[in-house]
Structure formats: C-alpha cells, structure tokens
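Notes follow the structure.
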Amino acid sequence: MEIPSKQIDYRDVFIEFLTTFKGNNNQNKYIERINELVAYRKKSLIIEFSDVLSFNENLAYEIINNTKIILPILEGALYDHILQLDPTYQRDIEKVHVRIVGIPRVIELRKIRSTDIGKLITIDGILVKVTPVKERIYKATYKHIHPDCMQEFEWPEDEEMPEVLEMPTICPKCGKPGQFRLIPEKTKLIDWQKAVIQERPEEVPSGQLPRQLEIILEDDLVDSARPGDRVKVTGILDIKQDSPVKRGSRAVFDIYMKVSSIEVSQKVLDEVIISEEDEKKIKDLAKDPWIRDRIISSIAPSIYGHWELKEALALALFGGVPKVLEDTRIRGDIHILIIGDPGTAKSQMLQFISRVAPRAVYTTGKGSTAAGLTAAVVREKGTGEYYLEAGALVLADGGIAVIDEIDKMRDEDRVAIHEAMEQQTVSIAKAGIVAKLNARAAVIAAGNPKFGRYISERPVSDNINLPPTILSRFDLIFILKDQPGEQDRELANYILDVHSGKSTKNIIDIDTLRKYIAYARKYVTPKITSEAKNLITDFFVEMRKKSSETPDSPILITPRQLEALIRISEAYAKMALKAEVTREDAERAINIMRLFLESVGVDMESGKIDIDTIMTGKPKSAREKMMKIIEIIDSLAVSSECAKVKDILKEAQQVGIEKSNIEKLLTDMRKSGIIYEAKPECYKKV
C-alpha cells in the first residue's frame, strides 16, 4: 500500500538502513562504504536499490516514484550523519550525493513517455555527444543594495538553484525590495556537463533513425564517460523549454534526464545475453571437429562460393587477442578489404556481417565524411555550445566497422581512418576541445575496381582508388572477379535453389552464430603454443631469407604481416573455443596468408611476390626503373636546363625500359612531386 512520504520521517529510516543493513557476508555493508567515503573525501555513496527494497518497501517506492522530493532529503540526512562522524569533512566537501543503482525500471529510449517524467528510470545506450565541463550555480550569494540593509544572503533559501538563474524580489533579511548584486566569490558552484545518449545500433528498428536523449551530469559524474562508450544511466526525467516560458510560448517541451548514476560498460559485448542453455549449446557446437567449416558455411549462406573470403570474414568476426603492454597496445582486430567486380555480392556479404556481428556499425564511403567516420566538434544552433560527437568507428568500438564503397570516399575524408585502423584511437583537437577516443574495431571494407572491372595485369594499387597507406593496413585483401567458366551452372542452380526457398544444410542459424561469436570474443583468449610459434617463425624467416637471396630480390613479407599471422592464428583457435593456438591453427593462418600474398602481393612484371606492391604501391621492379629514369633526367639536365621527353624516352629505351612504362612512370613521378615540368615536354628533378 502507498504511504505518503510526509507520514514517515525518511531521514531516520534512511540512517537506520545505512547503519544496520548487513550484506551477504553479514558485515555492515554501508558503514564500510561511508567510512571509505569520509576517509578518501569522496562525494558519492552508491546504494543498491535491491538492498533498500528488502529493508523498507515504502522508502524504495518513494525513491523511484518521488525522486525529486526524496533524494535531497536522503542526501541531507547522509551529510549530517557524516559530519557527526567527522566534522572536518565539511571543510573539503560541501555537498554529498546518494547514487541509486540497480533500478528495476529499465526503459528503452524510444519508449519514454510523459508518464515517466519525475521518476527514477534506467536507460541503456551509447554516449554520442559530450560538452566541455562548465560550472553551474547551485546556491547563489546576493547582496541587497539598499542603504538600510546591505546584507548578504544565500538564494534560494531551502532548495537548489534551478537551471535558469533566479533572483529574489524581496530581501529575506529585511523584507524590502530593491537591487540585488550577485557575489561570485561566495556563490557555490558545481561542475556541470551536458551529454547526449543514443540508442545502440543493434536496437534501432530497420529503416528508422536512432532516438537520442539529452542528459545532465553533475559534480563527480562529469567526464565519467567519453563519446562512444556504452553506458547504463539512471536518473530523473524532467522537461525543459529552450526559451523562457512566457505568454504565447509553444506548449511543447523537451525531455531530458538529470543523471543520478552512470555505469560505463567495461565488458565486451554485454548487450548479447547468453543464457545457461545458450552456453551449453555453444559448448556442444565447439566439440564438433568440423566447427570451423560449419561457421564458414554459415557466413552469407545465400551467396554461392567465395569460400576463402567467407573464411576471412569469419576470422574478422572472432578476431585475435589484443595485448596491452606498458608503452603500447597491439590490436587484436583483423581488417579485411574486398575488391570486386560489379555483381560479385560484396555488399550482400557486408550486410550479412553487420547483422551477424554482435556489435557492428554499417556505413558507405560515399555518404561518410571524416567527421562522420571518426569524431567531430559540433556547435549546437540553439545554445552555441560545442559538443564532441562520436563517429562510426568510435561507435563500433569493441565490434566491427563495415564500410561499403570505401573507394568512393574523398581523399581528405579517407585520411581520417589511418589512426583508427592501426592505433585504434581517434584524436581530435578543434574549438579548444582536445580528446582521444577509443576505436577498437575491426574494419571490413569493400570497393569497386577503378576501371570498372579488375585488370589482372595491373597491381592492386592501380586497380582501386585507395592509397598504399590504407591498403597496407589491411591484414587480408581479397579480389572477386566475375569470370565466366565451368562453375556457372552450379552458380545458377544455387541461386535458383535460394529463390525457391530450399535451405542450405549444416549451417548455424544467425541468432546462435551471433551468440557463439559473442561468447568467443568475451571469454576465449588463446595462448600461442611453442609448436605454433615455431611454425609461424619458420614461415616468416623462410620468406625473409628468399628476399635476401640476391640484391635484386623483392621483399616478400614484413613484420606487419607477421603480426597479422598471429592475429589470424588466434582467431582460428577462438572459432573452436580453444584455450591454445595449435599447430593446425598456425598452418591454416599461413595458408590464408600465402593465398593473400600470391593473389594480391605479386609484381605483375616479374611474377614474384613483392609485398611493396601493397605497402608502397610500387614493386621493386618499378622502383628500379624509376631510379634509372631519375638518373637519366639528372644527366640530361646537366648539359641543358631540363631533360626533354624525347631524350628521356631514347635513353630509357636503351637501358631496356618500354615506352609505355616510361610514360606511366613520368606521370607518376610528376604527381608524386619527384619531378616537375620546367618547360613544355621538358622535366627537371625537384
């Protein structure tokens, strides 16, 4: 039964709760917390709602239904109790907070209604915008400018100053009206910060925009979370109007939340709920010796073929193991790039990945700016306040960032993902806001060939509109070519079977697969065995040895690919929920790395593997030809002001360089700023 709060002295009930409530270990739970609060001069006492409910149902009812009235009463009682324990506490801390956690009333952002206003509720979401910290007056000190008074007083007398600054009309000391002057040095201030919380991407209904809610953080809650953090906020819903309320004002108000407590999710993928039954099913699946192949078969099962690519996408979904060292952090996420002819189902596969991944953000290159991908400082039109706003890579922190048509991005926007892909952070310094946000996400991107279809005779850097600085950051690159052949009948039959509703056998349903991936990412951190370590080391050393056989040998592999091998090996182990990376995992990782190097990292002229095709965009053979042409330009420019094109062509052909290659290299060098056209058809080295 409801009991109005005025019939009970909740101060006494609350103090009795704090001093007598015992936890599971039969210890005075809150006495210990209060002692710690006093000793370390903290400002907040965390109270579990379930404890209050088991102690006094009436107090629990008032806390969640009459929060605006009851919370200041409880905070006042707590402060008085602390001063009895330690009177010196007042010298350091003027205000103490009661933070209630574990509220049963958890509401989805899009289901907030007017009936929730004034009540204590909990909301899950992502923090997308944060303002710099400001100061709010919660107790102003005024001076009455009147010859008969001139006294100072605090205002408001019995409560806190609301969001809009109030001035007294009559002096509480002398009872007369007059002029009142604010005394800033005696006014009490509190740290204040505005933020915006948004629905999590996986909760937004298809075809709808994510809902947002403005939240207010005060005192020790400011800067407790950063844009991109997944948070659980508990607070009181209230209403406000942008402009002062006056006659003729619109009778429509915005809802905002004054936060009582905020919990930043430290757990990986805690939005995926895995029951005991799910866990048993996952462990049973992992016992299947062919589980990896079953998982790969379950990736975009409606798309025919592309086994190696699906294998790589599965590896990216599981990821490796990130390592945090004293001076750096080594990423565990696996980045994948798909370059494919039109109609090879690139976008379909990316869409599937965004659905099956426990946490994913899908975006397209054409519709993405640098700010939209990483972070931005945004100015609000109404108030002129600056917000730090998180972009797609920050929102995908801990999951997968899916970027379709990455080749369509503008160069100035594409540069923004360099740091996010390797360091997995996003740094921003604009409008006085300097921040570094986490972007610990695997990037899976797709793009179309520059010339419409992939030209096998050209290196990968010539086939896609991406600079080598980005290409080199992808662990694996796959090329999908639409080539007519013997498999066309099988392809046609497969597509017709899909359209006729025939299901593919032996695949794992999408919901189970999502939970399996979440479980592996959350709980499985395999260690590399000495056998696997030796196999990876031998492969790396053997490839490097081939690079040093002759002075003309290209570089076959770099330490960047070695790190990728380790990540891929760990991902194979995670797919089977294994605690160790075995020889089999290392062998599979080496096979897929070798496939990548032999299909993408090949110098088309020599036919040899040359990792510089990806790392720098120019294989060793092209670099050597470029150096010869530079020497020719230097020697020709000695006798005259610059080297004429016809003379360069003549001398370069004499040393065995084809005319078409010479013209292409001259164009590339001019674009790169190595040479410039001093006169028409006459070049000089910069």
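Placement of Cβ uses the backbone N, Cα and C atoms for every residue, glycine included.
The ATP binding site annotation in Swiss-Prot covers Gly340, Asp341, Pro342, Gly343, Thr344, Ala345, Lys346, Ser347. Under the heading domain 'MCM', Swiss-Prot lists 291-495. The motif 'Arginine finger' annotation in Swiss-Prot covers 472-475.
Projection of Swiss-Prot feature records onto the structure.
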residue: Gly340; record: ATP binding site; Cβ contacts under 8 Å, 6 or more apart: Lys346, Ala446, Asn448, Pro449, Tyr454, Phe478, Ile479, Leu480, Lys481
residue: Asp341; record: ATP binding site; Cβ contacts under 8 Å, 6 or more apart: Asn448, Pro449, Arg453, Tyr454, Leu480, Lys481, Asp482
residue: Pro342; record: ATP binding site; Cβ contacts under 8 Å, 6 or more apart: Asn448, Gly452, Arg453, Asp482
residue: Gly343; record: ATP binding site; Cβ contacts under 8 Å, 6 or more apart: Asp482
residue: Thr344; record: ATP binding site; Cβ contacts under 8 Å, 6 or more apart: His306, Leu480, Lys481, Asp482
residue: Ala345; record: ATP binding site; Cβ contacts under 8 Å, 6 or more apart: Ala300, Ile303, His306, Leu480
residue: Ser347; record: ATP binding site; Cβ contacts under 8 Å, 6 or more apart: Asp404, Ala446
Using a Cβ-Cβ cut-off of under 8 Å, list the residues of the same chain that are 6+ residues beyond the ends of the motif 'Arginine finger' (472-475) and lie near it.
334-337, 418, 421-422, 443, 445, 560, 564, 567-568, 614-616
With a radius of 8 angstroms around the mean position of the C-beta atoms of Gly340, Asp341, Pro342, Gly343, Thr344, Ala345, Lys346, Ser347, what other residues of the same chain does the ATP site pick up?
Asn448, Leu480, Asp482
Could you pull the average pLDDT for the motif 'Arginine finger' (472-475)?
90
Which numbers of helix, strand and coil residues does DSSP report for the motif 'Arginine finger' (472-475)?
0 helix, 0 strand, 4 coil
Would you identify the secondary structure of Asp341 (ATP binding site) according to DSSP, in three states?
coil
With every protein chain in view, how many other Cβ atoms are within 10 Å of the Cβ of Lys346 (ATP binding site)?
24
